[in-house]
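Chemist: Supplied in structure tokens, the structure appears directly below.
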Amino acid sequence: MTVQTSKNPQVDIAEDNAFFPSEYSLSQYTSPVSDLDGVDYPKPYRGKHKILVIAADERYLPTDNGKLFSTGNHPIETLLPLYHLHAAGFEFEVATISGLMTKFEYWAMPHKDEKVMPFFEQHKSLFRNPKKLADVVASLNADSEYAAIFVPGGHGTLIGLPESQDVAAALQWAIKNDRFVISLCHGPAAFLALRHGDNPLNGYSICAFPDAADKQTPEIGYMPGHLTWYFGEELKKMGMNIINDDITGRVHKDRKLLTGDSPFAANALGKLAAQEMLAAYAG
């Protein structure tokens, strides 16, 4: 006998009118163990360059019916790329717009993963005690030790980051100083911070989570309502080209901009980023 799981969003009792994804959607799109593999970097980087992670610091995303989606950064999209980069020799720092702790979608945490969970525990303090992004931006110059900026996905990236002048300044610094920018799924929504000023990403191609897929997720209770705007439409308006219209785990490199389409791309993006950064900094 097959037990049917509910497609109704689950109540988040920590906030009024807030909801987690339905049991059904979690059964389809999350797993207690990740697909981490291919972590093989026999000649890791030994220098001072590191990664700046720009993380989400807000949990609740309003939808079109007034209900709140309980979100944050997706753990797989955050931790798998970082696992590869760390294994390749690159340490990382975490910053949020407010300087307050990173919010994670804990309902997507691979809690039985014997590699990812110890890695998360080892670095949890960085996410709990991030730097304030404005302070990081104020210190940036051509000699700064950040080799890359990494913006993880999760719908939490839609909150605050697309309007942040500090996010814009960090991205402008990275592109103009020949650093890497790494992102996946909803993370590229942060690139919208560039739309009202100098936009060095104009003309770049990326993979990202398709707007069409976001429009379907309320049907299975992943979100409690529809989004009030769609980041893919807005990225196209600012001159970016989204090369995927589905979710296949695809990754893409355009110069030093490295992107993936979804959590299914997290492992491949980690491999790509580690290989590209080793070639640039340890070659």
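Each residue, glycine too, has its Cβ placed from N, Cα and C.
Below are the features listed in Swiss-Prot for this protein:
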BINDING   His86, Glu91, His123  Zn(2+) binding site
ACT_SITE  Cys185  active site, nucleophile
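In terms of burial and nearby residues, how do these features look in this structure?
Modeler: In three-state terms derived from DSSP, Glu91 (Zn(2+) binding site) belongs to an extended strand segment. Counting only same-chain residues six or more apart in sequence, the Cβ atoms lying under 8 angstroms from the Cβ of Glu91 (Zn(2+) binding site) belong to Lys50, Ile51.
Long-range C-beta contacts of Cys185 (active site, nucleophile), restricted to its own chain and to partners at least six residues apart, with a cutoff below 8 Å, comprise His74, Glu77, Gly153, Gly154, Ala208, Phe209, Gly260, Asp261, Ser262, Pro263, Ala265.
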Chemist: Using Cβ-Cβ distances, find the residues under 8 Å from His86 (Zn(2+) binding site) that belong to the same chain and are at least 6 apart in sequence, listing them in sequence order.
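Modeler: Sequence-distant Cβ neighbours: Phe92, Phe119.
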Chemist: Taking 10 A as the limit, how many CB atoms besides its own sit near the CB of His123 (Zn(2+) binding site)?
Modeler: 18
Chemist: Take the mean position of the Cβ atoms of His86, Glu91, His123, the recorded Zn(2+) site. Which other residues of that chain put their Cβ within 8 Å of it?
Modeler: Ile51, Leu82, Leu85, Phe90, Phe92, Phe119, Gln122, Leu126
Chemist: For Cys185 (active site, nucleophile), which of the three DSSP-derived states applies: helix, strand, or coil?
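Modeler: In three-state terms, Cys185 (active site, nucleophile) counts as coil.
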